[in-house]
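What follows is a short report on a single structure.
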């Protein structure tokens, strides 16, 4: 039984450092009987799913391919068998970009900024964190934008954010290997803060136990929607504020007050970020009933409605306590029905009349009464309709043989308009047909001379022009009046009339009516009667109904035309026209119904026009002439003109809003602008925005005026960065430059290169390019030129960046130079290798490649290509023969320069170098040694594998697969058996072919001694004899002194015997030393070989001597 043991290589006892994406190999020799159970774990329990683990009785190997930062840490190896357990660990550091920063928190949020804090990453990627990168992303977008790419602390305030917008943030750490993983806020962060306090608080009403308040919205909501308002109150003499109401609107009624108590009130606004500071009512309020005498607030006292339509009369009033309301019609209490009824509230009473008729016409008295007094108001309601019949009976005033004079009273109901005329019809009682009575009215004056006698009467005669006969129209005695209606005329006939005066002397001469008269209806020029209310400005609230009623007259009935100046009347308008009136009704009016309405009457007798000015009390129309005055990289300046329609009220302010082109909703920029221009700043550079302006009056916010196209927030770029002269020839210059520090918020479209010849003041364009370099050709050799470069984006050209010094067009002469980026390149066998080596020189140098002292032989697999500033070695399917030192030489007329690079091919190693030596042989063991492979595969030999076989079989057995040195003692051999050994070298890429040894027999290296020399007698006595003989020529024995050695630097090794230095080798003695071991061997030893042997070690660190006593025993 053998307890488990772990043999950690010295390299594994240090921190194992490996680059990301490489393969990690941890090879650990182990021992133990029975074979121990092997277990690999991570320090913090991380998964080893990606690891490949191979374990035998003598070693364990853990392989992780394509390592990353998360593979860093302690790898713990535990082996266990029935004799015990053993653990060891290997520290692995993967050189990679850092892990994600930890514990990202939102420390503070304002209306335009967010402050972030975080902790460093748990995994730094094996390199110190250089800086952090802070990025932001609006929740409506997918791409992040950089806020700060060089943050050297673990906190940052991200400002210039769009108020009210939601943002995500993320932070990344950066080390020398690059930018690591990000940590991101799990939820979006709304950029807002607590709202400002509410606006002015107004006391609406007070009773003995309640108070009604209203207030204005806060000037700013903090960038987040107002969720509600908190109303608090404080009793007189108390310091405590208590919440009395929480509402979502801008008014509240607080009940449960104590009559006579004095209270103070305040209101706070609340959004998702918190509660604003409170706004307090300016004065305390005493809970008591208000006493206000009733009073009316009427705009009109006369209301008209078309017959058959509904009428609603709204009568506003004030009064405390609430007054009682009484309605009377024609001095009689109004009888309310389902058609006619009145309803009253706290501040108004409304009379509703459905399907109005002439019975609803009259005077209505409204009476208000409360404890403070009373008030009355008379309202006139006119129902517009055709008149009622004249009031009878018809009186017959005079009857003659051929005429009748009749009279009547006007109608009791004139239809809301004066009576234009009456129509008289007659019929013969023997028929049922009525005919309109046709007549001509004549009037005249008394004669200038009465003939000396009083005029007794007048005789009127008529003559139908069609037959030429005159007939008398009056009684023979005449009539006394100076006017007369001549009846019984035939319609459409032409008549002549004459009149004679009669006195006592007889009938005078007749006076003729100058012109003949055609009997037809009398013509009357059109006319209209505008009510006094219509002569003023007619005000109507938006959403209400506009009713314009105008009485008209004219014969024949005039044609009526309604129009509207500066526009057209909406199609929804209802126009009704009769011979006596015309009306225009427009329901649900809005701001666009404001204006002058024209009414034109026309008939054959003429025309008549009038207008009515209508003002719809509404929110304003859209502002006009919205223009973009200026654009910078983070602002846009707007200007506009006031709306054409102010909604009947003065414009209080303007509201400016903005919207990103990728969004659908607008965000307020300012809600209280008192001028017709505004600079919108803190915009996201490079983004597209729409803007809109709305005007506000006392009736609300009007229609918006919007920019028709999105506006890109950008300006001309800054000048390009530093300009570099890359090359100059006799007729060309090659220039390159850096990008502008800022592109103005818009993508750089191109660069313009200009040049100026010496002695000229004119700059001329010589190139337009989209890259950061240009070659200007066609220069004159020896001429001196200045160059400058401008960047161009969609907003225009930047200021130019000029080259600091003038350039003379001539060929440059520069000493050649070659500077490889690396001194060595490692490549695995079978893969392709590309080595790029920068070169310089003018004229262009020639390039020569040499490998291991011989010119490089180029093939389709190995070849070199040269560019202006690079020489490139390409090796396809690399083999181990491609490894070695490559020298690059560049030369031109000025000189030459050389540099070398080493190419290391990575592959499994060559076999160890033989022959295999047998350093010690006994009956049960043999000590082997060998030399390392000539080709190690480009990396360290991890171990050797030793096999053995009895020469009587062909089966090889593994002696050890974890031999770390180039020597091994093979034990447990059978005495007298012949063995053969083979050794494999192994590295991370695999195992070599074997080195085989010569056969060797396991037996002691000594044999029976030879015979002594011939005995001879040296001394004889009477009873004794001294016999002597010489020692055997060899006694057959060999002794070996072996010692392991250590030291840095490698110590010098010497052996001495009895104080005298030993030669390195004699016929019987051999001294063999390596960097790790020294062996002294003496063959065929004799007695004189015994004595004090000393091993002496010496280096700059000191000396060490080890004495060894050897005793030779003779058998």
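Each Cβ is built from the backbone N, Cα and C atoms, and glycine gets one as well.
Sequence annotations record features per position, and here TrEMBL assigns domain 'Ig-like' to 4-93, 294-382, 526-613, 816-900, 1015-1109. For 100-194, 197-290, 425-522, 622-716, 719-812, 912-1005, the entry in TrEMBL reads domain 'Fibronectin type-III'.
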DSSP helix/strand/coil residue counts for the domain 'Fibronectin type-III' (425-522): 0 helix, 43 strand, 55 coil
Which of 4-93, 100-194, 294-382, 912-1005, 1015-1109 contacts the domain 'Ig-like' (816-900) most, counting Cβ pairs under 8 Å: 912-1005
Stretch-level contact, the domain 'Fibronectin type-III' (622-716) and the domain 'Fibronectin type-III' (100-194), CB cutoff 8 A, at least 3 pairs: yes
For the domain 'Ig-like' (526-613): best-contacting stretch of 294-382, 719-812, 912-1005, by Cβ pairs under 8 Å: 294-382
For the domain 'Fibronectin type-III' (622-716), residues assigned helix / strand / coil by DSSP: 0 helix, 52 strand, 43 coil
Per-state residue totals over the domain 'Fibronectin type-III' (197-290) - DSSP helix, strand, coil: 0 helix, 47 strand, 47 coil
